[in-house]
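Reading through the structure tokens given below for one structure.
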Amino acid sequence: MAAIELHKPEINADDDDDESPVEQVRLTVSNHDDPSLPVWTFRMWFLGLLSCILLSFLNTFFGYRTQPLMITMISVQVVTLPLGKLMARVLPETKYKIGSWEFSFNPGPFNVKEHVLISMFANAGAGFGSGTAYAVGIVDIIMAFYKRKISFLASWILVITTQILGYGWAGIMRKLVVDPAQMWWPTSVLQVSLFRALHEKDNARMSRGKFFVIAFVCSFAWYIFPAYLFLTLSSISWVCWAFPKSITAQQLGSGMSGLGIGAFALDWSVIASYLGSPLVTPFFAIVNVLVGYVLVMYMVIPISYWGMNVYEANKFPIFSSDLFDKQGQLYNISTIVNNKFELDMENYQQQGRVYLSTFFAISYGIGFAAIVSTLTHVALFNGKGIWQQVRASTKAKMDIHTRLMKKYKDIPGWWFYSLLAISLVLSLVLCIFMKDEIQMPWWGLLLASFMALTFTVPVSIITATTNQTPGLNIITEYLMGVLLPGRPIANVCFKTYGYISMSQAISFLNDFKLGHYMKIPPRSMFLVQFIGTVIAGTVNISVAWYLLTSVENICQKELLPPNSPWTCPSDRVFFDASVIWGLVGPKRIFGRLGNYPALNWFFLGGLIGPVLVWLLQKAFPTKTWISQINLPVLLGATAAMPPATSVNFNCWIIVGVIFNYFVFKYCKKWWQRYNYVLSAALDAGLAFMGVLLYFSLTMNGISINHWWGAKGENCPLASCPTAPGVLVDGCPVF
């Protein structure tokens, strides 16, 4: 198999003024603009608001399920194209005048600028790629895991302010990382490519629209089987079936609770969960994920569990995100939380230290290494280029796209500063007057805001030039865990206001660059993003509130009926993180008072690793494969595990290799024409079938769980411990 290299973008500051200095931009983005195209249309508002509300609802709704589904902006990009054209055909062209203002429901053909703004609405509804507002997870763990109360008002303020705060940081940094041509934002270039493909004249026998409809119908019809009639299709773990009484065999073969050897799925929600659609991931990235996954799952974990019994691994399941006590039983979190939402030291000392499954512990160590290696890797391999690009971005010379954007009124700075001030004031109100509900003191908010402002500049520059976004969340968790131990909600709130608001800022900036390339009036972008964010956040928390108050025992896997979909795997990991970093604190987990201080050495490993790769590249410059070693990706490959499982990775890698290597190499024209359309159709089909099944069958209690194929993957022993004397329901005692 031939190696596929990712080349650094060629930047030439001496190019002609009518060309971008970045080669990828020159090849993809049009140098022309038509300012007469209407953007503030009824079609844009109707389809944009509808898309925002639908995606907010669906992503929040499916986020609580065992196999969460995230519907992205790409689905809306494809679906709204025929809808926009249909509205252009059927809406009346009558013009209405109100004073000097003229309005029409149908000002002309549906155009690409309307389409871009609709997609920005949808991107807000999709949580800018995360599915739902991150702060919703805080409400989830308060109500479902800690069994405490929080008001809807406090929840709404928390969700909205953490989103809008990021918008304020984005406004401050916009001139530095959006306008300069050297800040080229690779993912925005990808979106431009898709928009241009969708709006090109299509006279082929199998148009993209027709292909989408066919794939959508097939996806819609098929999903009833893995979602309702034949649940085993979500994880076909045949090794468990061959060895129904062997714990070791089921640990090896389970796709949900084990190493997943031979496990696969015929369910798109399993394939696209956690890692996103493999159809839109570059092959180079897939190979890095594959190598990292194999190293961790099939080398490190077996040696740690069976070979060395690291951290008393045999007392616990081989793959679990749960927290345990020394006897291998589930840790009773509720007993160590007092009525002030703080750590009850007396009960904690009685119950003892917190233990993690070996996989969960090692995944934290790998996460430490991945964070540091990201910064080291970028400094060594991209530092010189980034510095040159930052220096170039301060020059007065503008590229063709920035000059074309000068035709439109810019966004006044006070718009951003006003939003920033309002969100900070509301956040302070939350911290001062509703402190009992969120625990975070006012100084915590100010410190988190300072960290966000500090990190937004370097991280956004790294993302804009290298397409790598360092994950700095553990830094905020670690810091607050040390400053204010024993307060779990304060810890997650600090992380959300600090790291997540910075992450939101980067998402906003990415959308701004897309609008920059597509020549969208800046004020239109601002209003669409702001309105979409407020609507999406409101829908997110409303749907979450409904599910949390209406689904009995939601997120409580041990109390739910067998095969219930409401297990909230992502919230379980989020809850465990709040316990580790907030309630118990880093000192009692990873410090001298805990079981895992040795994991701190992974920080050093992450620091040294990229240096070794860099030295190897310098020593052997002709060995091109060395330059393709990307330790942040290799180490971060398993960052989604848990809650992602081995069957998710198995299927994602297989499908990704098929489409982004074989199909891309041997059927490139098909890939260019239909690959993204197929991904969007698969997402949309199962999403609509999932909602239909819930409202027509699940809500009415209609199930068919009496037969073998409706009982999941049938690996009941995969989660059993193998240490002598450990008692777990349903497991043999050694």
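Each residue, glycine too, has its Cβ placed from N, Cα and C.
Residues or ranges marked as transmembrane segment in Swiss-Prot (evidence: sequence analysis): 44-64 (among others).
The annotation transmembrane segment is assigned in Swiss-Prot to 68-88 (among others).
Look at Swiss-Prot and you will find 125-145 (among others) tagged as transmembrane segment, backed by sequence analysis. For the transmembrane segment (125-145), same-chain residues at least 6 beyond its ends with a Cβ under 8 Å from one of its own Cβ atoms are 51-56, 59-60, 63, 68, 70-73, 155, 158-159, 162-163, 276, 333, 437-438, 488-489, 492-493, 496, 500, 503-504, 507-508, 510-511, 532, 535-537, 539-541, 544-545, 548, 554-556, 568, 570-572, 574-575, 578.
The transmembrane segment annotation in Swiss-Prot covers 152-172 (among others), and the record cites sequence analysis as its basis.
The transmembrane segment annotation in Swiss-Prot covers 211-231 (among others).
Among the features that Swiss-Prot reports, transmembrane segment is placed at 252-272 (among others).
Taken from Swiss-Prot, the feature transmembrane segment covers 283-303 (among others).
Look at Swiss-Prot and you will find 359-379 (among others) tagged as transmembrane segment.
Feature annotation from Swiss-Prot assigns transmembrane segment to 414-434 (among others).
According to Swiss-Prot, the transmembrane segment annotation covers 442-462 (among others), on the basis of sequence analysis.
Remote same-chain residues near the transmembrane segment (525-545) are listed as 48-49, 52-53, 55-57, 60-61, 117, 120-121, 123-125, 127, 132-133, 136, 139-140, 152, 155-156, 159-160, 163-164, 167, 411, 415, 419, 508, 511-512, 515 (criterion: CB distance under 8 Å, separation of at least six residues from the stretch ends). Annotation source Swiss-Prot lists transmembrane segment at 525-545 (among others).
Look at Swiss-Prot and you will find 644-664 (among others) tagged as transmembrane segment, backed by sequence analysis.
Only sequence-distant pairs (6 or more apart) were considered; of these, fewer than three Cβ pairs between the transmembrane segment (252-272) and the transmembrane segment (442-462) are under 8 A, so the stretches are not in contact. By the count of Cβ pairs under 8 Å, the stretch nearest in packing to the transmembrane segment (442-462) among 44-64, 152-172, 359-379 is 152-172.
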